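To keep things clear, I will list the structure first and then write my remarks on it.
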C-alpha cells in the first residue's frame, strides 16, 4: 500500500462524515474529572461535570456551563449543605427541554453514624436560570439507621448489696434505658439471688416504654449469688418470642453483680456455650473490690462475650456506675448485626441515591444502586413530600448485588410514561427492567437479561424516538465490558414490545476489531437526524479504544425500529490531540448549540469537552438524455469493417445539487465544486462510440454549483461498424463533490451524503431490424443427425459426434439459444461451427451453460449454446458439430434419445420446428475370451491289435474381460462317430464351478459324405467329416471379470481309425460363446476371441516279437567269440613264457663256488 493510500485510509477512519472533526470547539478546565459527564442544556450551552474536583474540605464535585457563543466555561454557583460530605457532584446529569431543567447528582455523600460510615446521595434540580437556588432531593439526609436490639438487665439482688447501693443500681439501669428512648430497643429485667424474678418482659416494655415506671417498684430479693442459673433462665425464657423477643433483633445481656457466684448448682461452662449458640451478646459490670482478685476477674471474663476487654466493665462502687453509662451506651449502639435470617442488614444506608438520574413528567428519578444490600432500585420524587421507591424485590428475590438503578431511561408511548432501569450485576450477567405505573404503583412489566458474565449489561441506557413523533421506538442497552477476542463492548438494539409480546433485542452493535478493552457502549446518546433521512441517528462512546485515547461511533437510523448494523463513521480521540484520554466517556446530542439549525454533538474526555458541529448534507442528481433515442441502422450497419466516424447523435447531461438537511443556512450561500467524469462503454475493451469534443470515450469537467441545475450537450461519434448492436451503448457519469466553506457560519463546510448515488448511467440503444412494426418475428427450426452412425456401441469408441442444423427463415433473432438434452451417460466435450457466408468467418457458437437433473431414473443433462449472440440474422443457417464423451459404464436401454430445443428473446411461440428428437439404436460392447487350456490331452497312440479305449479330455477357459455382465450360451462341438463307428464315446461336459446352467444336446451330420478323401487331403477329424454332438449350455449371467473352466471328457476308441498317407489324424473339438447380438456387440476384430478349438493327435504303431532276435543274436555272439579265441591261440596269446625266462637267467645268477 502506498503512502498516499495509507493517508487516505487514516483520514477515513477519523473523519466524522457530516460531523466537523477538522474545526471542533474544545473547552478545557483545570478541574479534576472535568468532562466525566456532559449534557446539552439548550441555547448555546453545555453543562460539564467535574465530580472529582475538591472545592473545599469534604466537598467534591463542581458544575461548569460552557457556552459556544463565548467559547468559555464558568462554574455554576451552588450552595452545598455541610452534610454533603464528598458527594462527587455531577457524577450523574440529566436535562429536560419542556420545561428546561437540569438535574445534577452527587451519589457519594458520606454520612457518619457512630462508628459506621454510610454512602447516600443528594441531587439538585435547576430551572432555566442556573443562578437561582435549585431544589434539593431529598430535602435532607436520612437519619442514622437504628438497630433493633433486645436488651435484658440481669441484676444481682443478693444480700451482699445494701439497700442504698441497690437503689443506685436501679438508677443506673433507668438512666441507661432512657438513653435509648428514640431507638428501636426493647428492654426486659430479671433480678437474681437464691430465686429468680422477672420484673418486666419485652412485651411489658412495649406496652409501657417508660423505664422508671418499670424499674422503680423493684424490691431487692436478698440471698445467695446464683449468676450462672440466672444467665440460663434469661437465655431460655426472656429471649423468647412469647415474652416479646424479636427474631432479628440483636440479643444483648447486661449482667450487674458485686461478687463471685455462690451456692449455684450450675457452672459457667454449662450455660455460656448455650448463650453463645443463641447469639446473646453479654456485657458484665463488676462492682466492688471483690473483683480485684485474679480469680474474680477471670469470672467476669468468662461471663462476658469475647473479647473480654470490650465487654467487661469494672467499677469500685455503685456510686461510680454513672461513669460507665455512656461507654456502655456507645458499645451497644455500635452493635450492627450483619445479616440475620432473611432480612438485609442494609436498607438505604448505602443507597448512593442519584447514581443515575432522569427527569420524568412526575419528577426526578434517582437511581439507588446500594439499597437493600446493593439490590438497588430508584426513588421517584413526585413532590417534596411524596417519594416512591421502585424495585423488583417483590418479583425477583435474587437481586442481591444487582445494582438496579445503575442506569435509567424514560419511555413515552402514546402519552403513557414507562421507566427503564439497568442492573448490570444481576446474577453477574446483567438485567434491564421496564416498569409501568398501575394505579399509583410502579410494577415490573418486562425485562431482558444479558448473556455474558461480567459484561455489565445495562450499565448504560438510551431511549430513542426514531421518527421524532414523540413516541419511543427502541431502547439501546450498553454492555461495555462484553468481551470478545478482538473487541470489547456491545450495544443491544431493543424495540419496544407490542402488547404482551416478549421484549427482545433484535440487533447488536459493535465497534471495530482490534480493541478488546474498548468499552464500546460506555456512553450512549441520541444525535437527532444529522444526515437528513428523517430517521434519528445515535452516537456510542468507546473510551477505552487505542489505549484509552477513545473513540465515538455514529450509527444511522435504518427504519422506525432499527439502526444500521454497521457504523457510518468512527471518530478517534487521537485525531484531535495525541494526549487526549477517554474521548467518548460521556456524550450528549440532539440539540442545536451553534444556531445553524443542525444538531451538534458534545463529547466528554478527560479534562476536555469537544463540541462537534453537524454539517449540511448535499446530494447530486443527474439526468442524461440522448437525441435521437436510438442509434439508426444506417449509422452502425455495414458488411465490412470500414472506418466511418459517423455522427450517432447527441446527449444532454444535466446536474443539480440539492440540500438534504433542514437548517437555517441561506441556500444562496451554499456552493460546492463538482468534478464529474463521463465514459462511453466504460467496461468494454473495444469502444463503440466517442465524444466528438475529446475524440475519446471519456471526458472530465469541473464546475462550481449552487443549489441549481446546469446542463450541457455533447456530440457522439461511431468510429467503426458495430458487431454488438443488441447491448446498448452505456454512458456512465461519476463525480466528486467538495463543499465550499460558509464564511458566515464559522467556515462550516457542506458535505456529500454518505449514501448518495456516486455514479449514474444511461443507455443509448441500437435500432432493431424488425420491420415497420419494430417487432422482430423470427422463424426458427432445428434438426439433428448422428453423422452416418447407425448404432451407438457403448464401451467402444469413447466419443459420439452429432450434427445440429439451425435455420432462421424470419426476421433477426435476438439471444438465440439451442439447448440439447441428453442422458447422463454422455458428457459434452467440444463443438465446431460452420462458416457465416456474410462475414466469411465461422458462426459464433458458444456454450452458455450446462446443467444436470439427477431426479428419478431418467436423469438428464443439458447444454445450451448461444448462437451468434447477440443476433442470429434473418434467412441464415448454421450447422455445428457436437462431440460427446460416452461413459463406458452408461446404460441407455436399447436406444439413445436426444432432444433439442431452440428459443430466442423474440418471445415467439414454439412450434414443431423449434423442437427435434433424435433416436439412435444402442448396443453395449462386450469383451469375452475362450481359450484351449494346456491341460488338454494333446497326443494319443495305439496298436492295431489294441482293443481298449483311452480317456480323452479337452479343457477350455472362459473369461469375461468386459465391463458388463450378460447372459450367454456356451456351445461345444464334439466328433462322436465316423463311418458308423464310435469315435468319442459318452462325452461329458464338466464345469469347474457350480454354475447355474442348463445344457441340451443334439447330433449333427457332417456336410461332407466322402470323408476318406477329406481325411487324405487334411488329416483332421472334425464336424465337417464326422457326426458331432452339439452341446449348448445356457448361463443366465456371465459376470464381469468372471473366469470358469469347462472340461469335455469321454472315452476314445480306435476302431474308427482310418489310415492315410499322413500317418496320423487330428481329433478336433470346438467351442463358441453365443450372446444376444441385438443388445450386445463385439468390438471389431474380436470375433475370433469367442471361438476356440482343441486338437489331439492320434497315431497308430506296430508291436514286434523279440524272441527270434534274441536267439539269433545269442548264437551269433558265441560263434564270433570262438573265432576270436582261435585266432588268439594261433598267435600264442595263451602260451606261458615265465619258465623260459627262468631258465635263461639261471647260469648268470648262480653264486660262486
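Placed from the backbone N, Cα and C atoms, the Cβ positions cover glycine too.
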Per Swiss-Prot, the range holding motif 'GFFKR motif', considering 1132-1136, 1137-1141, 1142-1146 = 1132-1136
Which range, 1082-1105, 1106-1129, does Swiss-Prot list as transmembrane segment?
-> 1106-1129
So which one is it: of the disulfide-bonded residues 711, 776, 1028, 1033, which has the fewest other Cβ atoms within 10 Å?
-> 711
DSSP three-state call for residue 66 (disulfide bond): helix, strand or coil?
-> strand
66, 73, 770, 999, 1023 as disulfide-bonded residues, winner by CB count within 10 A | 66
105, 123: which of these disulfide-bonded residues has the highest Cβ count within 10 Å of its own Cβ?
-> 105
Residue among disulfide-bonded residues 66, 73, 999, 1028 with Cα closest to the Cα of residue 654 (disulfide bond) | 66
Counts by DSSP class (helix H/G/I, strand E/B, coil) across the repeat 'FG-GAP 3' (339-390) = 4 helix, 23 strand, 25 coil
Per-region confidence, the topological domain 'Cytoplasmic' (1130-1153) (mean pLDDT, whole number) | 60
From the Cα of residue 1023 (disulfide bond) across to the Cα of residue 123 (disulfide bond), what is the distance in angstrom?
-> 128
Does DSSP give residue 711 (disulfide bond) helix, strand or coil?
-> strand
